[in-house]
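Undergrad: Quick one: the structure is below, and I'll ask about it shortly.
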């Protein structure tokens, strides 16, 4: 093939592949667009490739999505920013397709290109595109146009700005709810580019229309607009325009709108400031906490600590605490779970006295909840309360409940308690731990569920690290070693795991004198699973003990296991022997 024809080759391949019936071929050729554009050069990319893509009417959404994505980063391949406008026609077509994710990606790419275009080009090319889409016959075009106004507006001359605001206002009153939804979603972005004078007049009248829409799906998106607009307006305007809307929305007939308010309320409080929050938003929030829909109560309960932080403690105790008490015995477990996940954070806000008098009884009732998730959420945040009320009170009031949970019939609850024990131990101190929780830790090593036994072994290691080898030698090692004679092989395996985890913490001396003899004895076990686990444990002990011990005690034991009838035992014994050889050679 001659040098002249060479650039034709890639475009020919691309066009062939783009028309191929195989979707994978079409997709891969779209993904190679940048390579092909480089081969063609900027001029031919503008004159041949982009027009071809504009006319390409592929019906597969995956191909269209890939094209929308590729075109967003195509400015360097068409000759830079001065030629960026040539990329607009294919993306304009993609803005009108039926599949939402393709349209969204096309809008995203147009925004990326528009933000790099020169101001004159925006006026000549981008703004007409926005106007065409906004006047589109199909709703899909009008939906897409809403996401482009914030790029088009800043560079428009005054006359065009007025027209764009008027077009946006019409989109907010469109016959199709999908268009109004898109206008509501993008209102905050558009409002951020509009001048303050027009913000109070034009944008607020648009916003008022959306808040009174007959479709709840539009109104709930307007709730998000409340927070965005609130941040743009002066505080007094925010109180005048946004606050009444929020209060109305908190009593909306649609639970989905009330749910959105409950989710967004914290941001809305920040927008209107502390005083209106106290007078107007506290009653609205109390209504949401007592809503008849569980979903709304879940959203409101999850924000209870954040909301209390805005208020002073007196107000929180007076208005919010009574609702929290009601929620702690709510009929929906999900509401109680949402409350349990944040209620501990209220302790620092309310202070010591209120926590002891008001919150502790609620903690206790949630700790005894019949649903595991509720109990778990309380356990995992206990340290927040400890900081406020001190360990003595915490241990008197909450410890009996923790001991009860340690024997819970749901294994996940037991698991959560185990994972929490080292933290609890460090907070409670060694004396308290020995009295109340020491026996529990041993009990878990013989649990029926493997995950619990595994976690219990890890827990012993973390406790040994926390309280030191001497404490472990007194309180852990003797009990652990006694269990190696358990009649059930699975429990014996757990002890081997515990030994392998404790050995690095205990150090060489205790490992050689106390732990190693037990492992060697276990190598005579009749169960192959125990024997190959012995080989694994011995391998893990090699770096901890002296070389002489490895040679005199560990090697003979492994040599014996390497001749075992069971293939797995032989395999792991040989692996361990190789490890000893490796250590010897490297020394």
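Yeah, the Cβs are placed from backbone N, Cα and C, and that goes for glycine too.
Automatic, uncurated: that is what TrEMBL annotation is.
According to TrEMBL, the protein carries these features:
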type: REPEAT; residues: 10-48; note: repeat 'HEAT'
type: REPEAT; residues: 164-202; note: repeat 'HEAT'
type: REPEAT; residues: 203-241; note: repeat 'HEAT'
type: REPEAT; residues: 242-280; note: repeat 'HEAT'
type: REPEAT; residues: 281-319; note: repeat 'HEAT'
type: REPEAT; residues: 320-358; note: repeat 'HEAT'
type: REPEAT; residues: 359-397; note: repeat 'HEAT'
type: REPEAT; residues: 398-436; note: repeat 'HEAT'
type: REPEAT; residues: 437-475; note: repeat 'HEAT'
type: REPEAT; residues: 476-514; note: repeat 'HEAT'
type: REPEAT; residues: 515-553; note: repeat 'HEAT'
type: REPEAT; residues: 554-587; note: repeat 'HEAT'
Undergrad: Helix, strand, coil residue numbers for the repeat 'HEAT' (320-358) per DSSP?
TA: 31 helix, 0 strand, 8 coil
Undergrad: State the non-local partners of the repeat 'HEAT' (554-587) in its own chain: residues 6+ outside its ends, Cβ under 8 Å from one of its Cβ atoms.
TA: 516, 520, 523, 528, 531-532, 534-536, 538-539, 541-543, 545, 547
Undergrad: Taking DSSP states H, G and I as helix and E and B as strand, how many residues of the repeat 'HEAT' (281-319) are helix, strand and coil?
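TA: Looking at the repeat 'HEAT' (281-319) with DSSP, the answer is 31 helix, 0 strand, 8 coil.
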Undergrad: Near the repeat 'HEAT' (203-241), which residues from the same chain, at least 6 beyond its ends, have a CB less than 8 A from one of its CBs?
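TA: Beyond its ends, the repeat 'HEAT' (203-241) has Cβ neighbours at 165, 168-169, 172-173, 177, 180-181, 183-185, 187-192, 194, 248-249, 252, 254, 256-257, 259-261, 264, 267-268, 270-273, 276.
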Undergrad: Per DSSP, what is the residue tally for the repeat 'HEAT' (242-280) in helix, strand and coil?
TA: 33 helix, 0 strand, 6 coil
Undergrad: Which residues of the chain, 6 or more past the ends of the repeat 'HEAT' (476-514), have a CB below 8 A from one of its CBs?
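TA: Beyond its ends, the repeat 'HEAT' (476-514) has Cβ neighbours at 441-442, 445-446, 450, 453-454, 456-458, 460-461, 463-465, 469, 521-522, 525, 527, 529-530, 533-534, 536-537, 540-541, 544-546, 549, 553.
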